[in-house]
Structure formats: C-alpha cells, structure tokens
Amino acid sequence: PLCRSPACLLLLLLGASGFFQSYAVEVDVKDASNTTCLYAKWMMKFLIKYETNSSDYKNITLDLPSNVTHDGSVCGNDTQAALLTLQFGEGHSWSNNFTKTNETYQGDFVTFTYNTNDTAVFPDAKRKGPITVVVKDTMLPVQLNNVYVCHNTDFFEAENVIQIFWNVTLQAFVQNGTISKNESRCRADTPTSAPTVPPTIANTTIANATSASTSTLAPAPTSAPKPVENPETGNYSLKSGNKTCLLATVGLQLNVSKDKPVLININPKTTSADGTCGNTTATLRLNDGNSTLIAFTFVVKNTSASVPKFYLKEVNVTLLNHLNGSVISNADNNNFSKWDTFLGSSYMCRKEQTLEINENLQIHTFNLWIQPFLVKENKFSTAEECFADSDLNFVIPIAVGMALGFLIILVFISYIIGRRKSRTGYQSV
C-alpha cells in the first residue's frame, strides 16, 4: 500500500525509524446495577517540554502503556458530573469530566498530571514531583443518547504540554446501559475520513512529493515536478471576552528539508486558531487540518519605556500523522527577535520572509500583517512596514525620478544641438 497522506510522507522524508507506539484505551464504567453508564475508547499521547538539571529544555513523548487503570471514574447524573479518569506509569494520571443539560452533554475540563520523578521518562528533570495541567475541553455539545466519534486527531496545548487524541468513541450518561448507534461526528471528520490502517515503513516506497494539500506518491515523473505556488493568505483572530485581542493576516508555507526539500502550504480554509492574550505575552496557535500545529509567541519589551515595543520571540511547530496521531516532528525556536514595532501599532511585511526553526525546518511567511496587542474596534492599527516593503515603496518613485531625469537630459541635449545648428546656419549666411 502507498502512503498518501502529507504527514505520512513527511515521516519518511524526516527519516523517522517508525511510528510512535501508543495503546488504545477502553473504559466501560458501570453503575450500582452493573449497567454501563459511561463508555469511552480512544488513543492519546502527550508531548511534554521540561527543564533539565543543566537548565536546558527537552521535548519528550509520553505514550500510554498497555496497563491502564480507571479507578475513580463516576457515572454522573442530573446534578453530578460524570468523570472519566485514568492512572498509568509511575504516578501519571488523566481525567475528563462531563456535564449535561436536558438535551446534551459535553466535556468540561481535562486534567493531566505527569510525575517527573519517573526517571525512565524524565531522567534529568530539574523539577521533581507531580505537575498538573488543566485545560478547558473544546468538545462541542453532543445530543443525549448519541455517541461522540472523532477519528482525526485533536489536541489541547497548555503549559508546555500538548495532549493529542485520535480514534475517539465516547458516550457519557449512557441510557438503559446500551451504547447508542447514533453518531455525532467532530468537525475534523469528513465522510471520507474513516480510519485506515497506516502503512508500515517496510512496505512503503516514495518517489515524488508535491504540496501538502495534494501530496501523493507515484512513479518517478518523466518531467520536472511542478513548483509549489505561494500559499493562500489566511485571516485569524483571538478574542478576550467579547473583544478582539489579536489580529493576524498571513500566508504560511513550511519547508521541511532533512533529506529532500518539501514545501507544504498551510490551507487557511481548514485551519483553526486559538491561543491566549495578555498584557505582555500573547500566543497564536494554528491547527491546519489536524496535522500541523504552529504556535507564535509575542512579548512586550522595554515595558518601562514611554512607548514599549513588541516582537516575535518564539515559534513552535509540531507535525502529526493524522491517521494515528504519531508525532513526526516537534521543533521550536525561542530566540527570535522578529516583527519588531511599537506597542499599539501593527507590523506588516508583504514580501516573503523566512523563520529558521532549526536546520531541517523553516517557515515562509507571505503578506504578513500582525497585531498581538491593543487591538481597537476589531481593526489593525497603523502599520510599521518591514524594510523589504520600504525598499519596494522607494523603487517606484526612484524609477519615475530617473525616467524624468533622463527625459530632461534628452530635451537639454536636443536643445543644445538645435542651438548649434541654428548658429551654424546664421554664420554661413
């Protein structure tokens, strides 16, 4: 079988040794009469960034083992939330509680605790002991007596942890002990996105790659591959309460170049945005079709100055295999000092720019317009243009000036020649 997904293709190009292993979890919670009241089956893994004893930071992948317990799970009722909780490994746990109305149920808060005393996973962690991360569940309300199904990957990101989920089947507040046959699908799923068995590395071959939205594997072409076009420009925004707190317009293209360069355009039509806004820090996170996660972090510097400035400080990119949630690449660079301008203004750069994440991964930006702080009336403030755009703005006036100067010189030369001819004619007479 051929590996046809862009993420699977990237896995091969990045030279990965194989898919990250994670076991499926199945929990069947029963009430006092031994009747099913809460059922879930899914797969998940965790990407964790932690500080080491040498004050460096490492990224690790924490997979679920085969032996998982679910002590403490609760059925729930009209007045009490249902609780799905897991315990695994050396002191790690995960839980999600569900609330219901008269017609629907939905996830409430996801709580994940990882224990850095687990030396097999965190052999050199500077901070020891359990660390808990709580994040709001983004699951939409599901009709009661419907089972929630999501085959594609979904994720939560908070406090140096990315939680990744896929192949989810879940029903809270099960009625009459029977799992419903009526499905409520997540937005990421489409009629053609039913799970398929991912190909193995051993029987997969690769010949040619094109853009992410149309990547296929085929016999080697007889003609040169078609160059990847510039990405479509997307419009993204974040809200704090009812007010817009961040605005972004940008076209994004990934350049993955470990073995063979591959350009991947981020499709804004399938990209969702979330993140956080603050007085001195703001983060915009983009999820492109559940296979690419990009986070841009902005900070304010010189807060004591009369007019402080903001700039782009950190970019994190995670590439996922949307079939099984495996992590293809997780890279970040927290030493940027880009897109610098005064607080209360926006930053604009229509020309292509390149952000070097690491030696194997770059992000190209096009038609950039960003304002992560002090957005007023849902509109960009006055823009500070990048140097490349400023050069472009000067080119046209300079070209026009040179053309006019050249025209004036021609007129002057013609005038001189005409005078000379006139004087020569007068003297001959």
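Note that Cβ sites are derived from N, Cα and C of the backbone, with glycine treated the same way.
All annotation found in TrEMBL is predicted automatically rather than curated by experts.
Per TrEMBL, the features are:
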COMPBIAS  211-225  compositional bias 'Low complexity'
DISULFID  CYS150-CYS186  disulfide bond
DISULFID  CYS349-CYS386  disulfide bond
DOMAIN    231-376  domain 'Lysosome-associated membrane glycoprotein 2-like luminal'
DOMAIN    396-427  domain 'Lysosome-associated membrane glycoprotein 2-like transmembrane'
REGION    211-231  region 'Disordered'
SIGNAL    1-24  signal peptide
TRANSMEM  394-417  transmembrane segment
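Under 8 Å, Cβ to Cβ, and six or more positions away along its own chain, CYS186 (disulfide bond) finds MET139, LEU140, TYR148, VAL149, CYS150, ASN152, ASP154, VAL168.
Applying an 8 A CB threshold to same-chain residues 6+ apart, the list for CYS386 (disulfide bond) reads TYR347, MET348, CYS349, LYS351, GLN353. The number of other Cβ atoms within 10 Å of the Cβ belonging to CYS150 (disulfide bond), over all protein chains shown, comes to 22.
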